[in-house]
C-alpha cells in the first residue's frame, strides 16, 4: 500500500535516503477490494468443483448425463440416464471430426466405453467384433452388439465409418483420434500453409527429431541475453553515436539521390520523348520534386532534433552505463523475469482449470436433440465474466509487483552513497516493503490498466464478430476506438511504472505518486523523448541481434541433422523463444533505466552539489551534469540550481 513518512532524514551533509519503517498506509481500501475480488475468484473455483464439475471434467460424461467410470443417479425425464459405468471409463464420440467451430465443441453423440479402438474399424462387422472381443460397445446403449449388422438404426446409433484409431487422452479419459487430420479446420486458422496432412507430419517430426537442438538453442538465447546486458554497459556510447551517424548519413544520402535524379531527368532532352510518354515523364518529374522537397524538410527537421537532443543522448548513454552497474550490484535483478513468469504460469494454469470446470458445471438440461447439457441458470451464469476480469486484473497485478520490486531495489541503490552499505539483498528488501506497504498501490495501478483493457478487448471481439458485415464508417470508428484505447493503455502503463518509482522514493499513495511523476516527466519532456527513442531503439536492436544470432546458430546446427528436411517449425520455435527471452531481460534493463532517470531528475531538481545538498548520483551522471553546467556558463546562462530543499524524496504529511 502506498504510504507516507512521518520522520525526516538525517540532517548531516552526507545524509542518506532510507526506506523508513514507521509508515502509515494510505491505500488500504484498494488492498481490501483486491482481497475481496480474489475471494470471489476462489468462490467461483470452489463452486465449480463442489457442483460436480471436477468429476465431469476429468472423467468425462456421455450425452445422457452419465459420468464415466462410476455409478450414476437417474435424471428426471432423461432416457439412458442413471447407468452404471463403473467399467466404462472412457468417453467415445460417434463422429469425433464433426466440429462446431462457433460453440467450440464436438457435435456428436458421446458414449462411455470400456476401451478405445486402437485400430481403424472400416465396417460394422469389425465394430461388432471389437465389442464382442473387448467388451466395449461403440454403438448406442439401445443397440445390442448382436444387432449392429442387422438393425436398420445402425447408421444413426453406430459410429461413422470408418472408425478412426484412437487413444485415451492422459488424465481426461477421452478417446481422441490418433490421426488429427480431421481437425485441420482448427489448424487452418493458425497455419495457413498446411494444405495436406503430410506437411503437418513432417513439421511435427522435425520438432521431435531436433528437440535436443531446440533446447540447446533456447539455452543459448538465455546466455546471449545475459551477456548482452553486460556488453551494453561498455559499448553504449559507441553504439548510440554509430546509430545516430548512420541515421543522419542515410537521410542525407537519400535526399541527395532524390535531388540528383530530379536534376538528371530535368536536364534530359525532351525531343527524344514521344508525345504519349511526355505527360508521364512530366508527372514523374513532378513526383520526384515533391519527394526531394519532402526528404529535404525531413532531413532538416531530423538534423535540428539531433542538434537539440545531442546532450539528452549523452544522458541516455550515461543512464545505460549506470544501469549496467546496477545489475552488477544487484545480480538478482536478472532473475526477476523468471519469478514473474513462474507466477503468471501458475495463475494462468489455475485460471484455465477453473474455466474448464465452469464449462461443465450447472444443472442437467435437455437440448433440442434430446441430449444432456450442463448449464448454469440465474445470476451465476455470468460468473465467467467475473473470471475474465480476474484474468486481466490479477495478471496486471503480478506484472505491477515486478515493477514495484525493481523500482524499490533501484531506488535503494541510487540513494545509497556508499554502495558498500547496500542491504545484503536489496531485491528481497524491496519485496518485503512491497508486501508490507505497497500492495494497495499496486492493486490500484493494475485496476486502472484493467479498466482500459476490458473495453478494448470488447471492441476487438465486436470487430471480429462483425468482420465483413459492418459498413466502412462503422469499421473505421471501431478501429479508431481500439487504437485510441491501445495508446491510452500504453501511456498509462508508462505513467504507472513511474508512479511506482515515485512511491518507492516518496512513500506516497498511488495518485500522489502519479501526479509527482507526471510533473517530473513533463519538466523533462525532451530528456524523456531521447531516452524512449534512442534507448528503446538500442534495446530493439539488441533483441534483433539475439534472435538473428540464435536463428543463425540454429541453421548451422540443423544443417547437420539429416533425419528430416523441414526446418521451418523448429526455427520458428527457437526464434520466438529467443525473442521472448530477450524481451524479458531487456525490458528489465529498460525498466531500470527509467527508474534511474526519475531518480536522476529528482536529484538534479532538489540538489546542486553544494555542501549539505550533495548529489546522490553516480560519477558518470555527475560528469554529465558538470558538462551541462559548463555549456550553460559558456552560453551565459549560469549554472545555478534551484535552492529548494529535498521535498519529493522525504515528503511530510
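For all residues, glycine too, the Cβ spot is worked out from N, Cα and C.
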Matching 159-180, 181-202, 313-334, 423-444 to TrEMBL annotations, transmembrane segment lands on 313-334
TrEMBL record, transmembrane segment, of the ranges 5-27, 28-50 the matching one is 28-50
- So, do the transmembrane segment (384-415) and the transmembrane segment (537-558) meet, by the test of 3 or more Cβ pairs under 8 Å (sequence gap 6 or more)? no
Among 28-50, 288-307, 341-364, 537-558, the most Cβ pairs under 8 Å with the transmembrane segment (213-232) come from 537-558
Listed stretches 238-262, 288-307, 341-364, 537-558 vs the transmembrane segment (313-334), most Cβ pairs under 8 Å: range 238-262
Comparing 238-262, 288-307, 341-364, 537-558 for Cβ pairs under 8 Å with the transmembrane segment (28-50), the winner is 341-364
For the transmembrane segment (341-364), the distant same-chain contacts (Cβ-Cβ under 8 Å, at least six residues beyond its ends) come to 41, 44-45, 47-49, 51-54, 56-57, 61, 65, 75, 78, 81, 372-377, 381, 383-384, 387, 390-391, 394-395, 398-399, 584
